[in-house]
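Annotated features, as they stand in TrEMBL:
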type: DOMAIN; residues: 16-319; note: domain 'Plant heme peroxidase family profile'
type: SITE; residues: Arg53; note: site 'Transition state stabilizer'
type: ACT_SITE; residues: His57; note: active site, proton acceptor
type: BINDING; residues: Asp58, Val61, Gly63, Asp65, Ser67, Glu79; note: Ca(2+) 1 binding site
type: BINDING; residues: Pro154; note: substrate binding site
type: BINDING; residues: His185; note: heme b binding site
Amino acid sequence: MISGLKMCLEQPVFAQLRPDFYFRTCRQVFDIIGNVIVDELSSDPRIAASLLRLHFHDCFVNGCDASILLDNSTSFRTEKDAAPNANSARGFDVIDRMKDEIELACPRTVSCADILTIASQISVLLSGGPWWPVPLGRRDSLQAFFDLANTALPSPFFTLDQLKKSFADVGLNRLSDLVALSGGHTFGRAQCQFVTPRLYNFNGTNRPDPSLNPTYRDQLRRLCPQNGNGTVLVNFDPVTPDGFDQQYYTNLRQGKGLIQSDQELFSTPRADTIPLVEQYSNNRFVFFQAFAEAMIRMGNLKPLTGTQGEIRQNCRVVNSRIRSVKNEDHGVVSSI
């Protein structure tokens, strides 16, 4: 076993989360989730990256508890409406499909938080990335955290110092956590609205970001014209847009990072992240190892375990709400 992964497996949280958590209760969970992703990829090549992003956006907001999957209720506002997620986070219907099939096979057994965690790992693997042992046993949050989602998630316009702080604030304080997890942008898409400030008015200068490769800048300007449609999608990686590889880091070295927060890892003067960008660019194995370690560390952020939270039957609503709706349908309003 890779030594770094072994170290992660020995962290105290693994006394609660363990890769074989569903071995006796729902052994087919990986097959069900994997088959759904394979089927979805046949018509939507973006879905793998979208599922990884959902997991990231879940874990950064009060830990990996599937709070991002909850819809609006009378008790809280959904995280889906928060600025980092609104009209960009996607894949919720795919998680619903996974949950429905798992509930048929293993009722009230697998949490939505674990489904999202497994889905992110299989998405990376199916896209050419690494495998890692997924620690399992999380339970689901009883509420969403709209305000926290607006402040905890790193912005595409962050400087390197801001990025470091946002990662450290949730407990990802190793430099490799930041640089390796940023490598998740080696596949997927971003909207033009998160790119155009770099192309035309970087930091209010009325000039483009000087760190942008001029040829790449011109290509992006054709895709994202000034005052154009901000929802148009652009590949994070113009070379292998749907493959999980180390090309992202090579792009950064060439001034071809799509969003500012990516390019900051290499173009910030004297940045301590530069050697890692160079190392990951030159060695896919080293990047894959670092990414796997960072994903395990992120997946271990503040998990609900034991009797905390619940195992949602529907990832969009807490179970008490499901029972309440059912009772209302029969003319009885529940106060659960």
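Using the three backbone atoms N, Cα and C, a Cβ is placed for every residue, glycine included.
Here the features listed in TrEMBL are painted onto the structure.
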{"residue": "Arg53", "record": "site 'Transition state stabilizer'", "contacts (Cβ under 8 Å, 6+ apart)": "Ala89, Gly91, Gly184, Gly188"}
{"residue": "His57", "record": "active site, proton acceptor", "contacts (Cβ under 8 Å, 6+ apart)": "Ile68, Glu79, Pro84, Asn85, Ala89, Ala149, Leu153"}
{"residue": "Asp58", "record": "Ca(2+) 1 binding site", "contacts (Cβ under 8 Å, 6+ apart)": "Cys64, Asp65, Ala66, Ser67, Ile68, Leu69, Ala113, Leu116"}
{"residue": "Val61", "record": "Ca(2+) 1 binding site", "contacts (Cβ under 8 Å, 6+ apart)": "Ser67, Ile68, Glu79, Phe145, Leu148, Ala149, Ala152, Leu153"}
{"residue": "Gly63", "record": "Ca(2+) 1 binding site", "contacts (Cβ under 8 Å, 6+ apart)": "Leu301, Lys302, Pro303, Leu304"}
{"residue": "Pro154", "record": "substrate binding site", "contacts (Cβ under 8 Å, 6+ apart)": "Phe60, Gln162, Leu163, Ser166, Phe167, Ser261"}
{"residue": "His185", "record": "heme b binding site", "contacts (Cβ under 8 Å, 6+ apart)": "Phe236, Asp237, Tyr248, Leu258, Ile259, Asp262"}
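Excluding the listed site residues Asp58, Val61, Gly63, Asp65, Ser67, Glu79, the same chain places His57, Cys59, Phe60, Asn62, Cys64, Ala66, Ile68, Ser141, Ala144, Phe145, Ala149 with Cβ atoms within 8 Å of the centre of the Ca(2+) 1 site Cβ atoms. Cβ contacts within 10 Å of Ser67 (Ca(2+) 1 binding site), excluding its own Cβ and spanning all protein chains shown: 28. Within 10 Å of the C-beta atom of Asp65 (Ca(2+) 1 binding site) sit 29 other C-beta atoms, taking all shown protein chains into account. Taking the domain 'Plant heme peroxidase family profile' (16-319) as a whole, pLDDT averages 97 in the prediction.
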